[in-house]
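Structure first, then comments.
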Amino acid sequence: MLENEANPTISKSTGLPRKRFYRARAHSNPLSDSHFPVPISPSHVDFSLHYPQFFSLSCEVGCIKRVQFADIGCGFGGLLVSLSTLFPETLMIGMELRDKVAEYVKERILALRTTNPGQYQNVSVVRTNSMKYIPNYFEKGQLTKMFFLFPDPHFKEKNHRRRVISPHLLDEYAYVLEVGGIIYTITDVEELGEWMKTCMDNHPMFEALTEEELQADPVVKLLCTATEEGQKVARNGGQTFQAVYRRIALSL
């Protein structure tokens, strides 16, 4: 408690980091060269540093768990925190390019682990550029879910190549997703929503979930409510546009 009183970045009442000390630009240029370590391959990522409790248990039973969920551009980590308790045995990671925001998520997770013993051990964050380095972190067919919530719309046509959903990037996402794995997207920009839907409709390795499947999926309900962006849209009475697609096997 005394430590929190001496540290203005930590809330005295909750023990969690205060967002105002970690604010950054809403979006970063994903094509620029940022300075952070990049693993040569997934085998060079030491995930035991991210999930020490799970990896100590894995060593005892002789079965190493792998990350299955990836939140791309995770922002302040709201979705990750919600998913962590919904899927307590599933390892998940947020990938965030902005250094201050990634640091906030890291501190938030550490604080939640401290104040909730035994919980939030399955969630972590890494600062990286997911548009460039997805294959450096995940093996073929490793992931079961990927999330792209309220991504940068890059309105200008010349900047559409910076969009996180594109035909080229869907090839990479299909590589790291298992057959049956799901991509979740949501935006409050109708044109971007149509763009993402069209990209996935036209890709041979993705198909849209049916309305019945969407209704039965508990994750879909979190897309609008778990993130700061989604909550802001709801407060302002705005619309959202979802596209949820399944990775399928290529037909020969």
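The count begins at 1 with the first shown residue.
Including glycine, each Cβ sits where the backbone N, Cα and C put it.
The active site annotation in TrEMBL covers ASP152. Neighbour count (other Cβ atoms within 10 Å of the Cβ, all protein chains): 18 for ASP152 (active site).
Marked as S-adenosyl-L-methionine binding site by TrEMBL: GLY73, GLU96, LEU97, ASN129, SER130, LEU149, THR227, GLU228, GLU229. In sequence order, ALA70, ILE72, GLY73, MET95, LEU97, VAL164 are the residues of the chain that are 6 or more apart from SER130 (S-adenosyl-L-methionine binding site) and have a CB within less than 8 Å of its CB.
Annotated pair ASP152 (active site) and THR227 (S-adenosyl-L-methionine binding site), C-alpha to C-alpha distance, rounded: 15 Å.
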